[in-house]
Amino acid sequence: MSEQMTFRGQVTLDGPSGTGKSSVARGVAAHLGAAYLDTGAMYRAATVAVLDAGVDPADADAVARTVAAARIEVGTDAATELVQVDGVDVAARIRGVEVTRAVSAVSAVPAVRRQLVDQQRALVASAGPVVVEGRDIGTVVLPDATLKVYLTASPEARAQRRAGQLGITAPDEVAVLAADLRRRDEFDSSREDSPLRPAADAVVVDSTDLDQQGVVDRVVELATSTVAAGERA
Ligand SMILES: Nc1ncnc2c1ncn2[C@@H]1O[C@H](COP(=O)(O)OP(=O)(O)O)[C@@H](O)[C@H]1O
Ligand SMILES: Nc1ccn([C@@H]2O[C@H](COP(=O)(O)OP(=O)(O)O)[C@@H](O)[C@H]2O)c(=O)n1
């Protein structure tokens, strides 16, 4: 497929925190003229609903009831960020420390996952060509995707990137951030329902020594060569 040809497939990007999933997925979507879905934003929005209801994130039944009653909306346009809970814009709040600390507990609740996975599949079905990022997209949400990428990077690089994003420079604060990332990744990888892991047919891309554009270029190259191979078959 030449780059000018229209990309009609689905690209999944999974991996641990700070590997560059969101920024790379946006770049790839823009390059391919595809829609973009940030599934982490949906779990984060569900977490806002739980915290606002005063529910303990560890109380799975109450979490499931609260999220079932909430209207969670996210956009699929790579150029703009739309995240709402019951019509209220929560795009900034979902990135806060409070939500980040609670999100893994909320996303481990099977009923929450069923609800949001159904919603993700419906959004993808109406989006056309799409780049979707998260933790279980290649394994559970879109097992037949055109291209599955599993992004990795060293723990040090991931902590440094997140620190840069949050404007944190003090070494002790970076160390706290690194410990938080490690804890969340362990939780996400060891949960029973849809743990974080590469799909058997995912291409693993280590971004430790690549800059953001380098990773975007690599994923676009993989997407175009996968489509070309499919057309030859
Ligand atoms: N390959 C890279 N090298 C350096 N910084 C990167 C790279 N990819 C992404 N970043 C930066 O790292 C930070 C975290 O990236 P993000 O896309 O939010 O990761 P994730 O969605 O996996 O948590 C952002 O500030 C982003 O610009
Ligand atoms: N498909 C997904 C996406 C996110 N999540 C959960 O949502 C949390 C936040 O996801 P995110 O993609 O916003 O996290 P970062 O990689 O940006 O730190 C993750 O730590 C997971 O607990 C999930 O369980 N499944």
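Note: Cβ is positioned from N, Cα and C throughout, glycine not excepted.
Taken from TrEMBL, the feature region 'Disordered' covers 1-20.
For the domain 'Cytidylate kinase' (11-223), the model's average pLDDT works out to 96. Annotated domain 'Cytidylate kinase' per TrEMBL: 11-223, in sequence order.
DSSP assigns Lys21 (ATP binding site) to a helix in the three-state reduction. Here TrEMBL flags Gly15, Pro16, Ser17, Gly18, Thr19, Gly20, Lys21, Ser22, Ser23 as ATP binding site.
Checked against ligand 2, the binding-site residues Gly15, Ser17, Thr19, Ser23 give Ser17 as the ones with a Cβ under 6 Å from it, listed in sequence order. The sparsest Cβ neighbourhood within 10 Å, among the listed binding-site residues (Thr19, Ser23), is found at Ser23. Take the CB of Gly15 (ATP binding site) and look out to 10 A: across all protein chains shown you find 25 other CB atoms.
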